[in-house]
Each structure stands twice: as structure tokens, then as C-alpha cells.
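> Dropping a structure here in C-alpha cells format, bear with me for questions.
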Amino acid sequence: MKKTVLSGVQATGSLHLGNYLGSIRNWVKMQEEYNCFFFLADLHAITVDIKPSELNNSIMGVLAVYLAAGLNPDKVTIFAQSMVKEHAELAWLLNCVTPLGWLKRMTQFKDKAGSDQEKACLGLFSYPVLMAADILIYKADIVPVGEDQKQHLELTRDIAGVINRRFDKEILKVPEVLISETGTRIMSLRDGLKKMSKSDISDFSRINLKDDNDLIHQKIKKAKTDHLSFVSYDKETRPEISNLLDIYRSLSEESLEKIINNYQNQGFSKFKEDLAEIIITNLQPIRDKYLELMNDKEYLLKILHKGAEKARIRASETVNEVKEQFGFVI
């Protein structure tokens with residue numbers, strides 16, 4: 001029996017190279033080996049201020065990227081979180097057993113809420129509980145995530161343990177966390193100490209998957225390096241050039257040693273020019289397919305509804321099992 005994999009991307013903004021290398025490319029490989037559920041986290045998206053039209057476009061855009069990158073809806077279950085109401089239902093049940101102190105320790109809330117946490121919405125504070133519900137509802141064996149989500153996954157495991165101990169029965173599966181080594185954390189092109197992000201105010205901090213070839217060349221040409229004139233890898237002292245090398249090796253699948261040797265006497269100009277071409281070679285087919293899919297909204301909606309229908313079968317079983325243990329009438 002195949003193990004179950006669950007993961008998703010928040011439906012806000014445009015997906016970028018970091019999303020592709022850190023998540024989606026790995027999912028495409030996993031779909032042949034596992035029973036996969038990949039969702040669009042649109043309920044998570046409204047924990048921050050977002051216009052209705054922007055949310056709608058983001059949902060369709062993320063789905064189009066999933067498909068353009070190679071996820072096959074005949075092999076995996078792809079759905080929007082909001083279309084499976086059981087996610088919110090299980091999240092409430094989990095909220096009722098999750099200690100407040102656990103949530104207060106979550107570092108991402110502090111980062112996203114900023115200096116005035118009193119004005120942040122409750123949804124942002126309890127975001128990790130909904131994330132736990134997203135995972136536990138499908139009894140996922142494996143959850144591939146980035147390093148920045150590791151704390152939330154540990155909370156998910158703790159919440160599953162609370163439920164199982166409370167009812168003295170293994171109702172919820174405690175998932176394993178999968179964090180890949182290379183490509184899992186691509187950094188900003190403007191600051192090698194910050195993760196590449198959709199929310200960064202500077203568009204030149206990231207390579208969006210729908211960027212055209214000229215824009216990719218411009219962004220890589222202007223990507224921050226340092227005062228040294230040679231290519232070398234050291235994340236501590238040279239974070240920006242090390243980030244560009246991580247992108248290069250992730251897309252070319254060449255070793256760091258080989259890449260560095262190739263540019264030993266050529267400086268940054270040639271390295272950046274070649275890196276831009278490697279990015280274009282990898283992303284252009286995805287971009288072309290993405291644009292084609294975005295012109296067929298009817299097909300995209302069909303995929304979402306089909307996936308949600310399939311996901312709800314598994315989700316409703318888990319929710320009913322948990323509700324029964326609480327004492328609700330099923």
C-alpha cells in the first residue's frame with residue numbers, strides 16, 4: 001500500500017523559483033511513488049488582508065502552476081482547501097485541545113504580525129492549528145516542507161498526540177517531516193539572508209515562474225553578490241553568491257565543485273549570464289503551459305471540483321471518527 005503524502009502552497013501572489021525548487025518539483029517526482037494530496041491553501045491566504053479578485057486569481061494561478069510543472073490530476077489529488085469544509089471543522093476540534101502556550105511560541109506569528117500583535121487577526125494566530133488539520137485530516141505519512149515550517153510540523157505531531165492520548169486510541173496518524181537538502185530554501189536575490197518570498201516588496205528579489213526571458217536576465221544581472229570578484233561557496237561569509245550557486249546546481253544538477261571550477265577565471269558576469277539561461281531553459285516550458293492553462297478557466301475549475309470531491313471522502317472519514325470520540329452524534 002502506498003504511503004500518503006500531503007503538502008500545499010498558500011494561494012497568495014505569484015509562485016516563484018523558490019516555490020518550484022523547494023516544493024513543486026519534488027512533488028512531481030513523488031507522484032509516481034506515493035498517494036499524494038496537494039492543495040491550494042486559500043483559507044490560510046485570508047489571514048492577511050487580500051482583495052477578493054486577488055484571491056480568486058491566485059487560486060487559479062497556483063493551480064495552473066501545479067499542472068504546468070507536471071502534477072498529473074489523474075495520479076494525485078489536487079484541490080482548494082476551502083472546497084473541503086472538513087478542514088475548518090477539524091481545525092475547530094483541534095483548537096479545543098491545543099494549549100494557548102503552544103501557539104504563543106510559534107515564531108512565524110511574531111514575524112507576520114509585526115510589532116503590533118494586538119491588531120493581528122485570530123486566524124493568523126491559530127494558523128498552525130488549521131495547518132495541523134490540513135495534514136492530520138488525510139492521515140498523511142509524509143509531509144514535505146521547508147525548514148521554516150518545521151516548527152509547525154512539530155506542533156502538528158504534538159496535537160495528534162494530545163488527541164490520541166485523550167481518547168487512548170490512535171485516531172490521528174503522527175506524520176513524518178521530510179525536508180530536502182538542496183533547493184529547499186532559495187534565498188532572496190537582494191538579500192542572501194532572507195528567504196525568497198512572494199510578499200517581498202521588491203519584485204527583483206525573486207524569479208517569478210511567469211517572468212519572461214528578458215526580465216529573468218535583468219533580475220539575475222542585478223542580483224546582489226559582494227565585493228569579491230571570484231565565484232566561491234560559503235553561506236556564512238558569502239550568502240548571496242552561495243544562493244546563486246544553489247540555484248545553479250539545483251537546476252543543472254551539476255556538483256558545486258564542477259560549477260566553481262568552470263568559472264574560476266571568468267568572474268560574475270559570465271556566471272550570471274549562464275545562470276539566467278539555465279533558469280530560462282527550465283522555466284520556459286512551465287511558463288508557456290501556465291499561460292495556456294490560464295486561458296481555460298473551465299478546465300481549471302473542473303480539476304478543483306474533481307479533486308475536492310475525492311479529498312472529501314478521506315477527510316469526512318477522519319472528521320467523523322474524531323467527532324465520534326468527542327461524543328458528537330454522527
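Including glycine, each Cβ sits where the backbone N, Cα and C put it.
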> Do you know which of Ile135, Ile159, Ile186 Swiss-Prot groups with Gln10, Ala11, Thr12, Gly18, Asn19, Gly146, Glu147, Asp148, Lys195, Met196, Ser197, Lys198, Ser199 in the ATP site?
Ile186
> Going by C-alpha distance, which of the binding-site residues Gln10, Thr12, Glu147, Met196, Lys198 is nearest to Asp134 (L-tryptophan binding site)?
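Out of the listed candidates, the nearest Cα belongs to Gln10.
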> Relative to the Cβ position of Asp134 (L-tryptophan binding site), how many further Cβ atoms are located within 10 Å?
26
> Compile a sequence-ordered list of residues in the same chain as Lys198 (ATP binding site), six or more apart from it, whose Cβ lies below 8 A from its Cβ; state 'none' when nothing qualifies.
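Thr12, Gly13, Ser14, Leu15, His16, Asn19, Arg206 - these are the non-local Cβ neighbours of Lys198 (ATP binding site), listed in sequence order.
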> What's the number of neighbouring CB atoms sitting within 10 A of the CB on Ile186 (ATP binding site)?
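Around Ile186 (ATP binding site), other Cβ atoms within 10 Å: 24.
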